[in-house]
Amino acid sequence: SGWNRIINNVARRVAIFGGTHGNEMSGVTLVNLWIQNGKEIHRKGVETKPFITNPRAVEKCTRYVDTDLNRAFTTENLSAPSGDDLPYEVQRAQQINEIFGPKGSPEAYDVIFDLHNTTSNMGCTLILESSKDHFNLQMMHYIKKAIAPDSCPVLLTEHPLLKYSTSRSVAKHPIGLEVGPQPQGVLRSNIFESMRVVLKHALDFIELFNEGLEFPPCTVDVFRVSEKMDYPRDTNGNIIAMVHPNLQDCDWEPLNPGDPMFQTFDGTTLRYEGAGTVYPTFINEAAYYEKQQAFVTTRRETLAAGAIKKT
């Protein structure tokens, strides 16, 4: 048959993760609402499980307790002998891998949506981990069309040197949803609402797929992660400049060689000296100061997705 991709019963088990970072309030609040009443996320033929991934961090309204849960799903962590001496988030990663995984196995959940907020002006951003995941590409194409004319950029985190051991990576089809700008520990109704709407369309797509609808080949514009940029620092590692006002809040906008990038505390402008135009995102993200990251640069790309249909 002429299908590029015939997928077997792909989306029977779907999880929605909130509170992977305990101070990102939209996901925490939505997941808690849906644990109380899941009517809104119920779809025919799908078991949808809302789940708070880092309850201790949620309780404290902090990003994490011992270590970043969203970087904890490494082979080493998941295969470490379990015990109370392990960092809390590593113990939690093992539990999550047991419930929703094991990562990389046929038993793993089909889809995991991981809900995040950012302090950056990223709008509603979908995060794709593999350019070869045709099911996710088709879903993202569907969501982008459904919410147009509102925009929904896709960030592709596939990179030979940057490995992301995310909570959602336990699933066969991991999807990150990153919505901002929203301060940590704060709810903003517009941000909350856009997260809710994107998730509604994502679940609608899964229901249509399960009903046997064929999705023809399509293309999806993505922003592929290129490099992480740190703040300028002195020899002691102290930050000596801020994101330049011309760059602040300009996520997804072109940054050209020679454009202002940082501003030192005495007002000197430091300019971008890279080769060619890039599209920065996660600009001045609060949680990334500890990761020594002022923003990430991305490059635009168009990915082709094959037709998909359930057998």
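The first residue you see is number 1, and the count goes up from there.
Every residue gets a Cβ built from N, Cα and C, even glycine.
These numbers come from a predicted model, not from an experiment.
Record features (TrEMBL):
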type	residues	note
ACT_SITE	Glu178	active site, proton donor/acceptor
BINDING	Arg63, Glu178, Tyr288	N-acetyl-L-aspartate binding site
BINDING	Asn70, Arg71, Tyr164, Ser165, Thr166, Ser167, Arg168	substrate binding site
DOMAIN	12-206	domain 'Succinylglutamate desuccinylase/Aspartoacylase catalytic'
DOMAIN	219-299	domain 'AstE/AspA barrel-sandwich hybrid'
Within 10 angstroms of the C-beta of Arg63 (N-acetyl-L-aspartate binding site), what count of other C-beta atoms is obtained when all protein chains are considered?
20
Around the N-acetyl-L-aspartate site recorded as Arg63, Glu178, Tyr288, what other same-chain residues have a C-beta within 8 angstroms of the site's C-beta center?
His21, Glu24, His116, Thr118, Thr119, Phe282, Glu285, Ala286, Ala287
About how far apart, in whole Å, are the alpha carbons (Cα) of Arg63 (N-acetyl-L-aspartate binding site) and Arg71 (substrate binding site)?
12
Distance between Tyr288 (N-acetyl-L-aspartate binding site) and Arg168 (substrate binding site) at the Cα atoms, whole Å?
20
Of Arg71, Arg168 (the binding-site residues), the residue whose Cβ has the fewest other Cβ atoms within 10 Å
Arg71
Which Cβ among the binding-site residues (Asn70, Ser165) has the fewest C-beta neighbours inside 10 Å?
Ser165
Protein Cβ atoms within 10 Å of Tyr288 (N-acetyl-L-aspartate binding site), excluding its own
20
Distance in Å spanning the most remote Cα pair of Arg63, Glu178, Tyr288, given for N-acetyl-L-aspartate:
15
